[in-house]
């Protein structure tokens, strides 16, 4: 009889332990927020991920920033090469013949995309070429060819960047351009929750890999480069970038994978958009647009174009839209704080705790 009682007590004890562990696992799961960061290529996703590391983690140490030297150098050289090539393509004349000769020498140096250093001779040539008025005209027409957003930022600071002891700043790191391939995962603690953020390659060739991130995602952040309404894709040089973003957002927003998932729309690069719309009309992408060529009218129109693709409107599925500047740490800090409250609230509602 005593043995039977002992076995019964052991079974009850094991059952309670299992129940407690299951409860703890559920509580931990409820405190984990998984964010999927999506968007077309060059929408600013990776920059936003870097901001999250700066804001919510330790940022980048001096040694880590030093590693980005080669990336900055590569971005600068490739950008200047693209501008020089565009001079001929756009039939823009150099202000001075000596600058044309220096441009040829810059091209002769070649570029791998990640240079270990910028030789003094190349630095002097680059500064000479960058000072040319014709080069500045080519930069102003960058929508007509492929040029990194960071090009002007870096090239205007060649004196600092070409110093022998140069170490990239946090801002320099934020503006580096490295194509995201595959899936990059970042984790940090914020508001007593573990955030796991997945950045997925944005170019067309990478999208087939997104499916592996879909399970159990708490929320989705979709990034759109507002300023690219008058530009074409790097992949095919024909498709309008804004139209491509709309197409991808439609497929994501209405996907069976995201029926219960909160969707946050980041209309990014608002600073570039505000300047560009003054000189490049929004009708380039949207012929039906009748508003003024200013930020307020243009941004409201773009927001509407994305929100109307939602086939689960009327309370079934809400899209939370934020206007962002991924290179502005204070802006991303403010926006992410607001977004986090939305995500936590929706997550609690899904768990039946709100």
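Keep in mind that glycine also has a Cβ here, set from the backbone N, Cα and C atoms.
Now, the feature entries from Swiss-Prot:
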type: LIPID; residues: 2; note: N-myristoyl glycine
type: REGION; residues: 34-47; note: region 'G1 motif'
type: BINDING; residues: 39-46, 174-180, 199-203, 268-271, 326; note: GTP binding site
type: BINDING; residues: 46, 180; note: Mg(2+) binding site
type: REGION; residues: 172-180; note: region 'G2 motif'
type: REGION; residues: 195-204; note: region 'G3 motif'
type: REGION; residues: 324-329; note: region 'G5 motif'
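Mapped onto DSSP classes, the region 'G2 motif' (172-180) shows 3 helix, 0 strand, 6 coil.
Comparing residue 43 (GTP binding site) with residue 180 (Mg(2+) binding site), their Cα atoms are 11 Å apart once rounded. Among the binding-site residues 39, 174, 200, 326, the ones whose Cα sits within 10 Å of the Cα of residue 180 (Mg(2+) binding site) are 200. The two recorded residues, residue 39 (GTP binding site) and residue 46 (Mg(2+) binding site), have Cα atoms 10 Å apart. In terms of DSSP helix, strand and coil, the region 'G1 motif' (34-47) has 3 helix, 6 strand, 5 coil. Counting only same-chain residues at least 6 apart in sequence, those with a Cβ under 8 Å from the Cβ of residue 178 (GTP binding site) are 46, 71. Counting every protein chain shown, the Cβ of residue 268 (GTP binding site) has 28 other Cβ atoms within 10 Å. Shown are the binding-site residues 174, 326; the one with the most C-beta atoms within 10 angstroms of its own C-beta is 326.
The Cβ of residue 200 (GTP binding site) has 21 other Cβ atoms within 10 Å, all protein chains considered.
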